[in-house]
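**Student:** Right, I'll just put the structure down here and ask away after.
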Amino acid sequence: MSKIIQAFNSSNRNYTPIWFMRQAGRYLPEYQMLRKTTNSFFELCYDPIKAAEVTLQPIARFDFDAAIIFSDILVLPDSLGINIRFINNLGPTAEKIPNLLDLQKLKIQNTKISKVYEAIDIVRKKLNKQKSLIGFCGGPWTVLTYILGYNSRNTPKFQEIKSNNKHELILDSINILTKHTIDHLENQILAGADIVQIFDSWAGILPYQEFSEYVIKPTSNIVKTLKEKFPHIKIIGFPKGAGKLYHKYTKETNVDGISCDYNLPLNEMLKLQKNALVQGNLNPNTILSEDSKIIEESVIKIMDTLSNNRFIFNLGHGILPETPIKNVELIVKLVKNYHSSE
């Protein structure tokens with residue numbers, strides 16, 4: 001049993017596991033070297049051998065407790081035939097689908113997305129059994145926002161989406177994407193993932209009612225379906241920006257773990273631990289600091305608050321490309337050598 005699975009089961013409270021979102025990526029020189037051997041980001045994602053190598057790079061360097069497969073939430077719409085482009089300093093961007101009704105006609109192109117599962121299989125065979133392998137997907141709502149032409153620069157605006165698309169059409173589209181998402185996660189589990197994480201990056205823009213319909217309901221459906229087939233698999237949800245709705249999400253989706261963004265106060269995370277394992281929430285900007293004391297104080301504060309219960313140390317969002325490697329090394333050392341003052 002991996003150390004992270006032990007954390008879910010509360011069977012090893014003397015050890016806090018650690019991994020970082022986007023831990024395999026641009027801040028690593030070894031990643032930069034490998035990236036130069038491919039023509040595009042997605043070419044790297046769809047090369048099983050190279051994607052597996054990238055996935056394992058941060059494990060070799062930092063001894064993280066989990067590997068997360070090197071991929072992207074947009075491989076799913078890409079495999080449906082929606083044109084995805086990688087734009088420098090912006091990342092993967094989907095070409096806006098002309099009409100959401102067209103989404104119903106699209107079929108998965110297995111030749112593309114199956115490469116992700118091949119990479120997972122390679123990683124699982126090379127990865128120490130004490131390490132977990134995390135598969136992931138985008139939440140159906142978040143994937144839908146990209147299909148509608150939004151991205152990290154042109155951020156989704158709920159009222160704009162609502163005025164341009166009928167509520168029933170949005171729900172139908174989310175239902176279609178939910179089915180594809182379940183298939184995608186099932187295939188990752190069959191390939192060797194023992195944990196999956198659902199990244200709902202744009203959950204936080206939704207009002208209460210739509211949050212329930214567009215985020216909680218499909219996530220609950222995903223969790224229920226996966227648990228029926230794979231009861232041993234752990235599922236982490238990440239409804240970024242959900243604020244007070246983190247509690248509603250955790251209770252109603254039945255996720256095993258809840259990943260928290262850096263805007264959620266630690267005392268709220270402490271409350272969430274009553275219903276699930278919590279993960280997070282160090283601000284990625286904090287670890288850009290040249291002052292090691294600032295980093296140390298932030299890490300210790302999180303550990304003091306959360307490490308006595310079900311907890312995985314992580315960031316509140318993905319690691320930034322300009323992050324100094326020495327700062328990551330410091331955090332790993334602090335977490336692994338931490339001893340509670342209680």
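Cβ from N, Cα, C; glycine included.
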**Student:** Pick from S114, S201, S212: which one does Swiss-Prot list with R22, Q23, A24, G25, R26, F42, D72, Y146, H317 for the same substrate site?
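**Tutor:** When Swiss-Prot describes the substrate site, the candidate it includes is S201.
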**Student:** Residues with Cβ closer than 8 Å to the Cβ of R26 (substrate binding site), same chain and 6+ apart in sequence?
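**Tutor:** Correct list: Q32, R35, P321.
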**Student:** So for A24 (substrate binding site), how many other CB atoms are inside 10 Å of its CB?
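**Tutor:** Around the Cβ of A24 (substrate binding site), 24 other Cβ atoms lie within 10 Å.
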**Student:** CB neighbours of S201 (substrate binding site) within 10 A?
**Tutor:** 23
